[in-house]
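Features as listed in Swiss-Prot:
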- 10-206: domain 'tr-type G' (DOMAIN)
- 19-26: region 'G1' (REGION)
- 19-26, 81-85, 136-139: GTP binding site (BINDING)
- 26: Mg(2+) binding site (BINDING)
- 60-64: region 'G2' (REGION)
- 81-84: region 'G3' (REGION)
- 136-139: region 'G4' (REGION)
């Protein structure tokens, strides 16, 4: 049978399953597709199809990720599930699979484990907006008090990492029962209840086009008699001819006016998210703008040099470093379209960072970059990628 075409008349949302190894993330993913397939909202994808996820490259890093899609009455979802813990770390840090929200899977039989904690921390650091919880394997626990205890532990852990632990919906069930068609109240019905909480609790993300205008500068030309043209792909928002914009990063911020927008050599009255455009800037000299700056809606983005980041350092096999690095490491940080040198300070108690580690670190750049939380970057040495990171918070 041919692939069903999903009707794109529902709002779209990207989610994923996170949590400790063997707590049932992949079983739950399979169970969601099985239960929603009954109402035509999904094609059932079996556990072993999801588990042998294909490898993908994101920013030069190989990541195994499985993608399934399904829909509820309310939304259309793209759902990511990773086979290994390292894949989650890489995925969340590189933003390879954007997550607007996540389902944290915790085994009721084991309670929160080290990767439960690490995935919650990563979700906080990389800016996953909302989590819901599925307490799995409740068929293996006879003691109701034990279930309450695990729920309490999970809520405390969420609160510790600045998620609203008291308010986050927790659904108790068994992915295996749902897959095997047993005990519907903890199987089939629990999966439907979980999807209701995902629908209700994970906020609908804003579409890129509705956000404030931003375009990274890729190239700058001067056209005699017309002025300076800046080219790039609009990252978000809309820019209209005649609008005032700011040029931010690397140099002091300046204001200018967009006097023309062209795409494929045709003049347009606006450029929007996803468009590759040339923007003609009034009274701007060719040497006033350079690659690595951004054009943006005035006041929407500020230039910064100091930030806290969550980073993943590539292994030797991934083409990364062969040796550890220490505080005062000075690589290049590749933001959007350019490299800027920065100095790394490791957290108290972290002596060094080995290839294959993920780490929270402080960075100070030698030149300011238009920056905000959740912005992704690559860490490079002489043009070779040795790591990937995300801005967790801005220091100054």
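All residue numbers here begin at 1 and follow the chain in the order shown.
Each Cβ is built from the backbone N, Cα and C atoms, and glycine gets one as well.
On a predicted model such as this, the values are computed, not experimentally measured, just so you know.
Following the DSSP three-state reduction, the secondary structure of residue 19 (GTP binding site) is strand. On a Cα basis, the residue listed as 'Mg(2+) binding site' lies 16 Å away from residue 138 (GTP binding site).
Between the binding-site residues 25, 85, 25 has the most other Cβ atoms inside 10 Å of its own Cβ, all protein chains included. In this structure, the CA atom of residue 26 (Mg(2+) binding site) is 12 Å away from the CA atom of residue 85 (GTP binding site). Around residue 22 (GTP binding site), the same-chain residues six or more apart in sequence whose CB sits under 8 Å from its CB are 107, listed in sequence order.
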